[in-house]
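> Under the heading active site, proton donor, TrEMBL lists Cys343. Residues or ranges marked as substrate binding site in TrEMBL: Arg276, Arg312, Tyr316, Glu344, Tyr371. Residues or ranges marked as domain 'Orn/DAP/Arg decarboxylase 2 C-terminal' by TrEMBL: 30-369. Among the features that TrEMBL reports, domain 'Orn/DAP/Arg decarboxylase 2 N-terminal' is placed at 35-280. Per TrEMBL, the feature N6-(pyridoxal phosphate)lysine maps to Lys60.
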Amino acid sequence: MDFFSYQNEHLHAEQCSVADLASTYGTPLYVYSRATIERHWKAFDKAAGERPHLICYAVKANSNLAVLNIMARMGSGFDIVSGGELARVIEAGGDPSKVVFSGVAKTEAEIADALNHGIHCFNVESEPELDRISRVAQSLGKQAPISLRINPDIDAGTHPYISTGLKENKFGIAIERALEAYAYAASLPGLKLVGVDCHIGSQLTEISPFVEAIDKLLALIDQLAEQGIVIEHLDVGGGLGVNYDDEVPPEPADYASALAERLGDRKLKLLFEPGRAIMANAGILVSKVEFLKMSESKNFAIVDAAMNDLLRPALYSAWQRIVPVINKPELAMASYDVVGPVCETGDFLGKDRELAIEPNDYIAVRSAGAYGFTMSSNYNSRCRAAEIMVDGDKAHLVREREVLASLWAGETLLPEG
Ligand code: LLP
């Protein structure tokens, strides 16, 4: 459930008219709903129930400081994949002791910085990374809390580009080597073993792959206990899908209770790393129709947002709902490919969409709160969009639209001659 709805044929974000926001702040424009973010985060928190748990919001889904600050105020933890994301979390008022650090190639500087901030845990993805983290921790006179990301070799049944738990993916340590890797980690002086983690993919719409993965990890945790390695937490990663079209993903409550059932009476703390499930349907991308280009074979709605603003359709052939910001029942429906101004055939936001629109109308791409702005770029020297956070009947500009000079900030000309 989200807080975007039509009131008298006008799309609203909570109590704010989206058309008014677009004319005030210009387009392309990302609009987020605070109430939706809070509702989704709390659904996870409630689903985890009485069991000790930490929700580590996956910063990569949407790293705007206002978004992170809303999570921080609710007591959220964070899943980060770079020093930049850690800096954002701290800047937004997040608690570093609730941060888990994932990613296959953390640099020595990033590791040192994270240790100095006292993060909760490093999610380690390979044996050489164990050596690196131990070495850096020792040089700082510290012990790094670590978890090993286990690759359970499970088909998450999602798009190949966002599937991460198969043997052929670059992520994690193969489950067959896990015991050996833990024994090795236990022998390194700079490490303290605290967890086991996995993340098998994103946009999962079934519970069964999660359960299959958890069963494999619990068996591993039991084997580790037999060897005297006591694990404090199980981090189940992110990946819970959302409704873009007609998918019916599990509710956080059903997902969490399926996991809790497998855990039984083990005294493990549960960590979750949701990104999309919290943010996707908490945001929209608003764009203006520039031209309608009609032809015998195809109609194009050329809009002012492009693949540089929202890459998912171009990169994954992702389908996201496109709706008019104001419904105009008097207009005839037609089928359009909704495309942007970027000079690439792959620059589309949606194909074959039935829309009743005319030039200068606003349209909204739904479910754009996750992996929207964070994956945007300046391709074609386009300024990145502004971002708005709606809170009830108030709208806050939480990121200004980029200006032309920001496009070449840091660039220099060659000396004369
Ligand atoms: N934890 C780890 C270690 C991850 O790699 C990811 C996402 C998450 C948590 C959060 O997963 P989520 O709950 O959002 O599914 N750009 C793609 C999605 C890439 C996801 C990468 N990892 C997209 O737009 O669909």
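Placed from the backbone N, Cα and C atoms, the Cβ positions cover glycine too.
Could you place these features in context, so I can see how deep they sit and what lies close by?
In the three-state DSSP classification, Cys343 (active site, proton donor) falls within coil.
In sequence order, Ala58, Ala61, Ser202, Gln203, Gly238, Leu240, Gly241, Val242, Ala370, Tyr371 are the residues of the chain that are 6 or more apart from Arg276 (substrate binding site) and have a CB within less than 8 Å of its CB.
Here Lys60 (N6-(pyridoxal phosphate)lysine) comes close to Val81, Glu85, Gly275, Tyr371, Thr374: these same-chain residues lie at least six apart in sequence, with C-beta atoms under 8 angstroms from its C-beta.
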> With Cβ-Cβ distance below 8 Å and at least 6 positions apart along the chain, what are the contacts of Cys343 (active site, proton donor)? List them in sequence order.
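Cys343 (active site, proton donor) has long-range Cβ partners Asn380.
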> Out of Tyr316, Tyr371, give me whichever of these binding-site residues has the highest number of other Cβ atoms within 10 Å.
Tyr371
> What whole-number distance in angstrom separates the two most remote CA atoms of the substrate-binding residues Arg276, Arg312, Tyr316, Glu344, Tyr371?
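Between the outermost Cα atoms of Arg276, Arg312, Tyr316, Glu344, Tyr371, the distance is 27 Å.
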> Near ligand 1, which of the binding-site residues Arg276, Glu344, Tyr371 have CB less than 6 Å from any of its atoms?
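If the test is a Cβ under 6 Å from any atom of ligand 1, the answer is Arg276, Tyr371.
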